[in-house]
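For reference, TrEMBL has these:
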DOMAIN    19-63  domain 'DUF6533'
TRANSMEM  20-41  transmembrane segment
TRANSMEM  53-71  transmembrane segment
TRANSMEM  91-110  transmembrane segment
TRANSMEM  122-142  transmembrane segment
TRANSMEM  171-191  transmembrane segment
TRANSMEM  212-232  transmembrane segment
TRANSMEM  238-257  transmembrane segment
Amino acid sequence: MIESLTDVEIEQQIQISRYLVLIPFALVLYEYAITFELEVARYWGTPMTWANALFYLNRYSLFVGTIPIFAELLSTTTDPSKVKACRVLEIFHICFALISQIIVAAMLIMRTYALYERNKRVLALTVSVTVAAVGIALVMILSGRGRDTLDPHLQAFGCPSATTHDSNIRIAAAWSGMLVFDVLIFVLTVYKALRYETRGGHLFSVLFRDGSLYFGIMIAANAGNIASYVMGGPIASGSPTTLVNVLSSVMLTRLMLNMRDPKILRGSGRRSWMTRMPASTTRDGSDDLPPMTTLMEPYLGTEIAMETFHREDTDRNNGRI
């Protein structure tokens, strides 16, 4: 454990931890700068729905919650009274990571629920897996966090802490639950895409593209975070956690913004597939799949779909389509 590390090795692990917080914080600022205009155009002024509420909660809790974590690892003081403050910041870090994943999970569950035409069995499956994952995470985190104490002169590096290998294994198990959830949502998305094939039009292509990109990156990021707990040092283990939270939140924000891209509501001059497909057909030609008119209504909003419908009808009547 930490007793086997030299002061130089301890400082190196602390620096790695600091970089892995600085990078996601910079990513958060950059993301806000380049997407704020899209947020204003596609969300501001629209009626408040559960999708809008989750979008704002995910987007702005990320910014507010990352600041204390940034301060936790980058502060430099030798004041003995900071020990209590560091403990509070550490607890906040753990709670924020868990809450962030719950928010992301809620958004993905509702997206999948809409994708499956509000299928209660799919909702029950995804909620059950989420509850199980959160339950496992709480048990693993609260079952004990073995700690080592750093030398006083090294405590000037923010609020560094070291965990035992057993604690790291428990935390890795906690993150494994989210990895299982990500894989489940990805499989459900792929299954729906294959079943509807190309009948979903451009919007469904965007759904599948964004979903594949999101889950590919998040599965890799979660796997890397788990590996850091298993193979990382006592200080650097779990350092990618903040990066994983930021990536999941940022990518989900992009997914939500893309869903309101006006271009996907118009299909090369023809009526939006949302308003022209009464039902979907399976490979054997039977119409036993539910209509897809409610597919992304919570994300796009009924008013957006209807505006597109009426605008295209007007264009058609004027001879522009």
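Each residue, glycine too, has its Cβ placed from N, Cα and C.
Only pairs six or more apart in sequence are counted, and the transmembrane segment (20-41) with the transmembrane segment (238-257) gives three or more Cβ pairs under 8 Å, enough to call it a contact.
Residue counts for the domain 'DUF6533' (19-63) under DSSP, helix first, then strand, then coil, are 38 helix, 0 strand, 7 coil. Listed by sequence, the residues of this chain that lie at least six past the ends of the transmembrane segment (122-142) yet keep a Cβ under 8 A from its Cβ atoms are 94, 98, 102, 105-106, 108-109, 112-113, 116, 170-171, 173-178, 180-181, 184-185, 188. Sequence-remote contacts of a segment are chain residues at least 6 beyond its ends whose Cβ falls under 8 Å from one of its Cβ atoms, and for the transmembrane segment (238-257) they are 16-17, 20-21, 23-25, 27-28, 31, 35, 38-39, 42, 51, 55, 58-59, 62, 66, 69, 93, 96-97, 100-101, 103-104, 107-108, 111, 163, 168, 171, 210-211, 213-214, 217-218, 221-222, 224-225, 228-229, 232, 299.
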